[in-house]
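K.L.:
Can you read through this structure? Questions will come right after.
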Amino acid sequence: MVLLSDVVRTSAEVSATRSRKSKVAAIAGLLSRLGEAEVGPGTAFLAGELRGGRAGVGWATLSALDPAAAGEPSLTVAEVDAAIDALREIGGAGSGQRRAELLADLLARATAAEQEFLVRLLGGELRQGALEGVMLEAIAAAAGVRPDAVRRAFMLSGRLPATAEAALRGGEEELGGFRLEVGRPLRPMLASPAETLDEAMTELGEVSVEYKMDGARIQVHRDGDDVHIYTRTLREITRHVPELVELVRGLDCRSIVLDGETLALDDSGRPRPFQETMGRFGAQSPRDLLLHPYFFDCLHLDGRDLLDLPLRDRLTALEEVAADHRIPAVLTADAEHASGIFDDALEAGHEGVMVKSLDSAYAAGRRGRTWRKVKPSHTLDLVVLAAEWGHGRRSGYLSNLHLGARDPDGGPPIMVGKTFKGLTDELLAWQTEEFQRRETHRDDWTVHLVPELVVEIELDGVQTSTRYPGGVALRFARVLRYRPDKDAASADTIDAVREVRGPQRAAEGG
């Protein structure tokens, strides 16, 4: 029976080292000690997650509690997991008070170090998508299986606890039992940025060059008349998008899984602001604003899984059933032809193009170099770490953003700069309210946040700097928009920031 203190100690060891090898060894050592019923919750806690999602406890409740700490550790992983499940099940009149009482009882049994860990775990402050890669390597080491087998199972399940349970219980045989399941979302394949269109074309040869639309990523699953639609973070939005459900039901197939984008268009066919598209996914979504789907991949068709087939074959399947809803694209090895569609995409109001090798398999959940994205300016998706109170016209608003890049070795986000450029009055008002809901602590001028909000930043380039721990700083950064469709695990890494060069037209060589 493993104690929570063992998880806390291991988590501290992982946070204290920059060595990926040491992180993997520490986590694998603890995973190998967990009993069968402890593997799921133990894996989740180590990753800074809760198995069933949020427990319905906010920072206001957590910060109001201050019970005396226990002198010696006694809480087990199983007891904490059961208490969190109980918190989640509380509802009805007086639920807030009952949650506070249950939480106070739990914290009273915890040592000071365990209390700090539990508060950060329940508040979402420990969630680090960057730790996923380290966790997967540790699961493989603890179970004595190939890392590729663990990664593939995770791609298909989308859940670290389930992947760890399968690996430690049944090894590669049980991991091999994970399949693409229609109705269960899988993690989307991601693209790496290319500096220029010529660079991408030279690397990949014959490619599909597609519009990179200014929309939201969707994954569509259909089995008969049963349709489910998910965002890039695997959140189900089916009930919010009835027009997409109706369209997918009309496709000439029995079962299908499609990857694509959706967006709202104005009367001239140009994309409406991204926030309007994302507004359709909320509880108060404006149903009179119709969404249009544009699909670019087919992962399953009528009982056949297509993930491991080359893109050219998946596009053939897509053409069979959804030709009228394909994203604008050309298949070519000619740079001049590709440059034409790049210009067309920009003229139509979109972000740029995607360049994809026709030989590429679908690497779910991974950011590979067989898919490249090309834009006319540098942009990065970064995590908001904190914000400073403004001065003058911005007085009373949280304004200057502290921006962090993802640590590929599983550490906390690495600060790379600050900016208040590009913030409209509307955004200032929104983030001042939103940031205080996500606050972890504050000092005289700065409010620090749970590192989970992603913001898209445009910049001229980066420069070497000793001011920030990553050794680089953003140049002339400005806010383009917040990305509610992305989580911190989708943010750009510090390596991606370092690779950014100075301004140049993305379609040009050199």
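Cβ atoms are placed via backbone N, Cα and C, with glycine included.
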K.L.:
E210, R217, R232, F296, R367, K373 bind ATP in Swiss-Prot, but which of E174, E261, E336 does that record place at the same site?
P.N.:
E261
K.L.:
Do you know which of the binding-site residues R232, F296, K373 has the most other C-beta atoms within 10 angstroms of its C-beta?
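P.N.:
That would be F296, with the most Cβ atoms nearby.
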K.L.:
Which residues does R217 (ATP binding site) neighbour through Cβ under 8 Å, counting only same-chain ones at least six apart?
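P.N.:
In sequence order, the residues whose Cβ lies under 8 Å from that of R217 (ATP binding site) (at least 6 apart) are P188, T231, R232, D259, G260, E261, D485.
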K.L.:
Rounded to a whole angstrom, what is the C-alpha distance between F296 (ATP binding site) and K212 (active site, N6-AMP-lysine intermediate)?
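P.N.:
Between the Cα atoms of F296 (ATP binding site) and K212 (active site, N6-AMP-lysine intermediate), the distance comes to 10 Å.
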K.L.:
How big is the Cα-to-Cα gap, in Å, between K373 (ATP binding site) and K212 (active site, N6-AMP-lysine intermediate)?
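P.N.:
So the alpha carbons of K373 (ATP binding site) and K212 (active site, N6-AMP-lysine intermediate) sit roughly 8 Å from each other.
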